[in-house]
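**Q** Structure provided below as structure tokens; questions to follow.
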Amino acid sequence: MQKYQFQIHLGGIIDLLSHHLYSGPQVFIRELMQNGVDAIQGRKLIDEEHQGRLDIQVVKATGNQQPSLVFEDNGIGLTEEEVHRFLATIGESSKRADLAKQRNDFIGQFGIGLLSCFMIADEILMITKSARQGDHPAVEWRGKSDGTYEVRLLETHVSPGTRVYLRASQGMENYFDIEQVGKLVHHFGNLLPIPIDLSEGDRRKQINDRRPPWEGVYYSSDEERRSYLEYGRELFDQQFIDYIPLRTETGGITGVAYVLSQATRPKMKSRHRVHLKGMLLSDQVENLLPDWAVFVRCVVNAEQLRPVASREGFYENEELEATRTVLGETLRNYLKGLADQAPQRLQEIINLHHMAICSLASEDKECFRVFGDFIYFETTLGRLTLGECRQRNGILRYVSTVDEFRQIAQIAASQGLCILNAGYVYNQELLSMLKQVDPDVQVDKLDAASLTNHLEDLTLDEREGAFLLLRTADLTLHPYRVASDIKKFEPASLPTIYTSNEQANFARQTRLTKDIVDDTWGGILNSFENEFTNSQYAGLCFNLKNPLIKRLTKVEETSVLKQAIEMLYVQALLMGHHPLSDKEMALLNQGLLGMIESVVEKKEDPNNEV
Amino acid sequence: MSSDYRQQLEEMYDSVVGEYSDRAVAVLEEVVRMADVHQDVEWSFYAREALVQSATYSGHGDKALVAFSWILAQIDKNPEYEDEFEMDHLLWVYKWIADSLLGFSHISKAQILAIVEDMDRRYRKQGLSLRAVENIRYKVACEFAEEENVQKHFSRWETLPKDGSQDCLACETNFVVNHYLFREKNLEQALLIARPLLEGEQSCHSVPGRTQSNLMLALLKAGRMDEADQMQRKSEGYASHNGDRIHSAGKHLQFLALTDQLSRALRIFEKMVAFAITSREERNRHMFFRGARLLFMKLMDQGHRTVKLRLATDFPVACDEQNQYPVPELVDWFTHEAERVAHLFDARNETVSYGEELIEDLALLKESYPLST
Ligand SMILES: Nc1ncnc2c1ncn2[C@@H]1O[C@H](COP(=O)(O)OP(=O)(O)OP(=O)(O)O)[C@@H](O)[C@H]1O
Ligand SMILES: [Mg+2]
């Protein structure tokens with residue numbers, strides 16, 4: 001069978017690579033710098049002493065000439081043969097592993113970066129002179145976006161290195177404005193170890209004249225702190241409360257993690273500014289740190305991680321995974337160090353980034369041991385740290401849902417009982433971690449409904465007195481699936497408590513929903529109600545210490561009692577954040593009207609006491 | 001009361017959205033209540049939508065169904081919500097809900113058919129392919145043992161177009177695998193079709209874990225022990241993970257009991273029994289109880305009178321201070337439950353298959369299925 005080769009439509013491929021791989025035209029500056037830096041690195045391999053330099057000139061538009069840019073490096077240059085082989089072959093690169101012994105020396109590796117220039121220019125002109133072969137003449141290469149190119153040898157003397165000339169294509173003039181170029185060069189290249197000069201006419205300026213704080217030498221820790229924090233503030237335009245220097249073998253990371261001064265929320269992602277060998281990859285990298293580490297924002301330089309082809313993020317590979325683990329370790333150690341040396345600051349960080357800290361402590365025994373006591377819980381006595389809770393109580397008691405917590409909060413508080421709300425994320429994990437770390441602590445789950453069992457009972461006489469009230473309540477509330485009870489408890493101002501559990505709540509929700517659905521669904525919800533939820537009663541417990549309830553036990557007229565009970569029930573629902581059904585809403589309305597009426601009647605006839 | 005509660009809602013919602021657990025369900029129920037109290041329709045929808053998903057994926061089909069029916073009713077009453085709400089997504093979810101109805105013995109056939117009609121009507125109105133509806137009809141026919149209808153709906157289903165409203169690719173493949181496994185009784189063909197699932201090409205929340213759990217039992221019955229063993233080990237992690245997996249967990253209990261790997265079975269039992277006991281998804285729970293019944297019968301056959309279990313305290317069978325449970329009582333309890341529920345389903349379906357399954361289980365227990373070691 002005859003074999004054919006794929007035919008390639010060059011113009012199409014160039015268009016695809018240049019316009020669709022990268023996030024936007026601005027990356028051509030990065031790609032040119034990258035090639036320059038690699039070329040200088042190549043030259044250093046043959047001449048260690050070589051001082052690299054990048055020079056960028058902007059030439060303003062004149063008359064009908066579009067503005068242009070000249071990108072110059074004093075790197076390794078190319079011979080004619082290399083021009084054909086590397087420059088003009090898409091996907092070929094002098095930096096592939098088998099060609100360059102250490103791929104690690106270079107940033108480039110895909111052999112497509114130069115194509116990005118076609119996003120802003122129709123033609124690339126390059127003049128290059130090889131430093132490897134002194135007698136080889138300089139080469140001029142002219143590449144066009146339709147995929148054709150010309151090569152010509154030059155007779156003039158040119159010093160080793162490469163110059164790239166680009167003239168703005170229609171509509172791309174912006175990228176040739178000196179301000180814009182300056183910004184982009186700074187954006188991508190401010191950490192590059194090679195000086196970059198930008199000039200226009202006789203204006204000239206070094207762009208990357210400032211080194212990052214982790215390269216500095218400091219005489220005092222104050223000075224170090226100031227330098228780090230100032231760098232962070234300028235770079236990210238925000239304040240940070242602390243910094244954590246980062247340095248790892250794996251991935252070859254150096255840099256710093258800044259602790260955010262604004263509260264973070266769970267599942268938020270932190271975006272980091274990440275460089276590869278000094279060149280900015282992206283300031284939106286998300287996969288650098290473990291998931292829990294949302295409370296910091298990093299700027300780092302990596303020497304070894306592998307970029308994806310667009311060079312805007314890292315390849316998710318084992319090395320990145322390992323790097324992430326090591327960085328996570330660093331952050332962990334930092335927090336543990338604080339517990340020892342600056343507990344105040346640790347508390348501050350925990351306050352701001354509570355969720356992140358909880359998530360870490362709920363997974364990691366050692367971390368829990370170190371700062372578990374700093375973590376906050378909502379309790380019936382207010383917000384307390386776990387440490388405070390443990391100091392106060394021999395036994396830690398908690399309820400497992402937010403709803404139950406609300407039911408019991410007021411009573412428990414007035415009884416001086418400390419009960420933890422474990423209805424939020426991580427709470428229960430943290431408590432079970434506590435048990436693992438310290439098997440001697442007793443941690444008990446409490447059921448809201450059973451709390452009323454612990455309240456003070458009535459005397460026999462009192463029971464007798466309350467009999468009619470309870471009986472009437474049972475009859476009145478039966479249609480709402482509520483059972484009544486009576487106890488004595490603080491605060492006396494509270495006439496009733498309404499308790500329900502998961503099942504009773506679900507039963508209630510089913511009934512409410514049944515009211516609004518069509519017949520088909522109504523039948524189904526009905527079956528559910530009968531099957532599972534009919535036996536589920538919520539509870540309404542009266543408080544005999546409450547003056548109103550006390551008075552009600554003296555009332556003998558059941559119609560009055562009934563009305564009062566209905567109102568108390570609706571009030572209890574509202575206090576417990578339970579939506580009302582239509583029937584309950586009607587109770588509320590009738591009750592209110594009744595009250596208004598009796599008030600008005602009283603006014604009209606002052607002798608008429610109810 | 002104004003925007004204050006909103007912030008609280010958002011915080012609660014953010015803290016659990018995308019999580020599938022009892023706790024997440026409880027928090028979302030609370031969000032629903034709060035939104036309803038404040039008559040915040042937007043959040044009432046939003047929270048219920050999350051609740052449907054979270055409840056479905058954590059084994060609370062009953063809660064999903066109530067929340068779902070509320071959404072449908074609101075949209076019917078206020079057609080203007082239709083534009084704001086992702087109708088396609090809502091209808092996509094409908095198939096979970098419709099499917100789950102089959103698993104409650106107190107829901108009658110007529111009620112189920114009425115829901116399928118409702119689903120059909122809404123799919124048509126939205127201009128969606130009826131592939132998903134046909135899929136449910138097939139499942140209804142299977143449950144009620146209407147053999148001609150099973151074939152009819154399967155053929156129809158095959159010809160209906162995919163427009164994104166159908167199940168995900170992995171679930172659809174799983175569906176076909178099940179057809180060949182349970183209806184055609186053609187293990188070879190089922191394995192062939194399952195290939196993309198088994199090789200990791202297609203997967204989703206419940207596949208291939210569920211597929212492997214089915215295939216392992218079929219392989220066991222065919223005497224292909226090595227393959228069966230492999231399937232079991234691959235899907236054990238899936239089956240011992242969350243409340244929506246008790247059905248598969250039951251199959252694992254059964255498998256491990258039959259192959260005499262009792263301590264492995266007990267580990268799964270300990271992990272999953274709390275989900276099963278509290279679950280209201282009757283058919284799924286039944287599968288778990290069936291497996292547990294075999295497990296404890298096997299223990300009893302081997303002469304164990306008691307077994308040590310680490311369980312949550314609200315287990316229906318009592319233990320002594322050392323966590324020793326009497327095996328005969330466990331056997332009795334699970335047998336009783338399994339028989340009771342089998343009877344309920346057979347009564348509703350006018351079939352005998354649930355009862356027969358229990359008898360067949362006993363027969364299997366008499367066989368021996370040694371694994372080569
Ligand atoms: N300034 C330069 N000096 C010397 N050689 C250069 C220069 N610019 C490009 N080259 C050569 O052209 C080749 C192609 O460059 P290009 O930017 O397209 O790919 P690359 O840098 O190898 O990889 P990447 O696609 O990752 O940037 C390079 O491998 C290099 O050999
Ligand atoms: Mg390059």
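A Cβ is built for glycine as well, from the same backbone N, Cα and C atoms used for every other residue.
Taken from TrEMBL, the feature ATP binding site covers A:Glu31, A:Asn35, A:Asp73, A:Thr162.
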**Q** With every protein chain in view, what's the tally of Cβ atoms within 10 Å of the Cβ of A:Thr162 (ATP binding site), excluding that atom itself?
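**A** There are 28 of them.
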**Q** Under a criterion of Cβ-Cβ distance under 8 Å and sequence separation of at least 6, what residues of the same chain contact A:Asp73 (ATP binding site)?
**A** A:Asn35, A:Gly36, A:Val37, A:Ala39, A:Ile40, A:Gly52, A:Arg53, A:Leu54, A:Asp55, A:Gly161, A:Thr162
**Q** Run through the Cβ atoms and count how many others sit within 10 Å of the one on A:Glu31 (ATP binding site).
**A** 22
**Q** An 8 Å radius from the center of the A:Glu31, A:Asn35, A:Asp73, A:Thr162 Cβ atoms defines the neighbourhood of the ATP site; name the other residues of that chain inside it, in order.
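**A** After dropping the recorded site residues, what remains is A:Leu32, A:Met33, A:Gln34, A:Gly36, A:Val37, A:Asp38, A:Ala39, A:Phe71, A:Gly75, A:Leu114, A:Val164.
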**Q** Among the binding-site residues A:Asn35, A:Asp73, A:Thr162, which have a Cβ atom lying under 6 Å from any atom of ligand 2?
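**A** Going through A:Asn35, A:Asp73, A:Thr162 in sequence order, those close to ligand 2 turn out to be A:Asn35.
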**Q** Can you tell me how many other Cβ atoms are located within 10 Å of the Cβ belonging to A:Asn35 (ATP binding site)?
**A** 23
